[in-house]
Amino acid sequence: MGSRSSTRIPVPPMLIIRIVLTLSCIRLTSSLDGRPLAAAGIVVTGDKAVNIYTSSQTGSIIVKLLPNMPKDKEACAKAPLEAYNRTLTTLLTPLGDSIRRKQESVTTSGGRRQRRFIGAIIGSVALGVATAAQITAASALIQANQNAANILRLKESIAATNEAVHEVTDGLSQIAVAVGKMQQFVNDQFNNTAQELDCIKITQQVGVELNLYLTELTTVFGPQITSPALTQLTIQALYNLAGGNMDYLLTKLGVGNNQLSSLIGSGLITGNPILYDSQTQILGIQVTLPSVGNLNNMRATYLETLSVSTTKGFASALVPKVVTQVGSVIEELDTSYCIGTDLDLYCTRIVTFPMSPGIYSCLSGNTSACMYSKTEGALTTPYMALKGSVIANCKMTTCRCADPPGIISQNYGEAVSLIDRHSCNVLSLDGITLRLSGEFDATYQKNISILDSQVIVTGNLDISTELGNVNNSISNALNKLEESNSKLDKVNVRLTSTSALITYIVLTVISLVFGVLSLVLACYLMYKQKAQQKTLLWLGNNTLDQMRATTKI
């Protein structure tokens, strides 16, 4: 599909700004038009906005696991709270041990261990084996340990508060939010209500809620409880720990409501445990989320191909899976550096490949420039749903219409059939029943035929056949070459030597000289002969005149 020279764009913030400013100056045109391509078996399945991101923002969420009960209800909830506290300690102690072992690899006091750790990184760089990720991880680990130490200094005040969520800023180098899902429950059920509850009911409610939260903790930290390795926590796990209070931290870190749902679906928001204190039952988690640069004029268009009918058999179009369009420029997009959601594409770098003029012309609507590869596989897709309608190859599969009853036939030469609610309300394909609600308006091209010249060979079997034909042609050429060699072998090489050639040239020149001299001599003799003839004729005429004069006398 053309040359594979790539354009790579790194993601420093200044470069992101430059890209945004540059692309904002380009006139935005409409997205890739799939209407002329659908009948040729090329279906535009959707567009996504392209964004560049780098994981540069961090914040801390301090989960308060043990709630504070109102003074008048402490006695009622004492038993379930004590049991919950013991279970928490047993459950999260392995997690705390793993965090402690990780922190022992580097200290924040500038001591010997830190120097040894940083020296190991520098040594690795000198040996050429360290990566940017390793250095970034080391820096993040130092920062996490500093935040954990600062949080521990404030643990008593955090544990004593009755607020379900509040910002912690004293001595912290980054935004930190203390949340308490269980404290929120206690506040809603007991602190902020005038309803009087008996002690038995309080015990039951607190016990049930604590058990449910323990189940969530087990689900979130299950792998880390059974394994000493610390793994990242997903955004879903963070929401399980913090409840709806997680939005407060994300808002503080600058995540807008319009981005929140998309970022949650991308999985780019993660958390790493950095602290567990069994005395106050405080859990510290460092949250990492991306810094996103929106490329407003750039979109990714996804393409799918159907098996179409040609005079050479079934074939599929040779087009990229994903293309990107900025203004009038269309290039193939490499999505291996990207994470996709329903509406967005988040990429660490933008890598595009230029397309050949033929593919560019094809995607621009000139279906006669599209190239196809023969596909004879049984699993080749013969149909596809598009906006409530169906594009199907009714020569490859039976298109049975249930309402109104009938078989949809595909005309000879047509690549695919475009079926909408005007031609069939209920369609059955390979046992799958579809109720059609969309329509293909007049802007969709129909009755497109694929020429033989547009079908090329790419399959292994077809390539073997074509190679056989090429081998036959080569064999015929070799036979002709052998005949030519045999004729050349009959030529006396000595007659074609350099000395002989010089002799031939000299003799030829001499022959030409003699020929010219002979021609000159012949011309001279002819001229002399004609002169003699004129002299004789004159003498004869003169003698005749004298005789006539004598006779008259």
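Each position is counted from 1, following the chain as shown.
Any Cβ shown, glycine's included, is placed from N, Cα and C.
Listed in Swiss-Prot for this protein:
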type	residues	note
SIGNAL	1-31	signal peptide
TOPO_DOM	32-500	topological domain 'Extracellular'
CARBOHYD	Asn85	N-linked glycosylation site
REGION	117-141	region 'Fusion peptide'
COILED	142-170	coiled coil
CARBOHYD	Asn191	N-linked glycosylation site
DISULFID	Cys338-Cys347	disulfide bond
DISULFID	Cys362-Cys370	disulfide bond
CARBOHYD	Asn366	N-linked glycosylation site
DISULFID	Cys394-Cys399	disulfide bond
DISULFID	Cys401-Cys424	disulfide bond
CARBOHYD	Asn447	N-linked glycosylation site
COILED	466-491	coiled coil
CARBOHYD	Asn471	N-linked glycosylation site
TRANSMEM	501-521	transmembrane segment
TOPO_DOM	522-553	topological domain 'Cytoplasmic'
LIPID	Cys523	S-palmitoyl cysteine
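Asn85 (N-linked glycosylation site) falls within a helix when secondary structure is assigned with DSSP. Helix, strand and coil residue tallies for the topological domain 'Cytoplasmic' (522-553), in that order: 31 helix, 0 strand, 1 coil [DSSP]. Geometry remark: Cys362 (disulfide bond) versus Cys401 (disulfide bond), CA distance 32 Å. On the backbone, the CA of Cys424 (disulfide bond) and the CA of Asn85 (N-linked glycosylation site) stand 65 Å apart. The residue listed as 'S-palmitoyl cysteine' has Cys394 as its nearest neighbour among the recorded positions Asn85, Cys338, Cys394, Cys401, going by CA to CA distance.
Over the topological domain 'Extracellular' (32-500), the average per-residue pLDDT in this prediction is 74.
Nearest by CA distance to Asn447 (N-linked glycosylation site), out of the recorded positions Cys347, Asn366, Cys399, is Asn366. Fewest Cβ neighbours within 10 Å among the disulfide-bonded residues Cys338, Cys394, Cys399, Cys401: this applies to Cys401. For the recorded site, Cys362 (disulfide bond), the DSSP three-state label reads helix. Ranked by CA distance from Cys338 (disulfide bond), the recorded positions Asn85, Asn366, Cys370, Cys394, Cys401 have Cys370 at the top as the closest.
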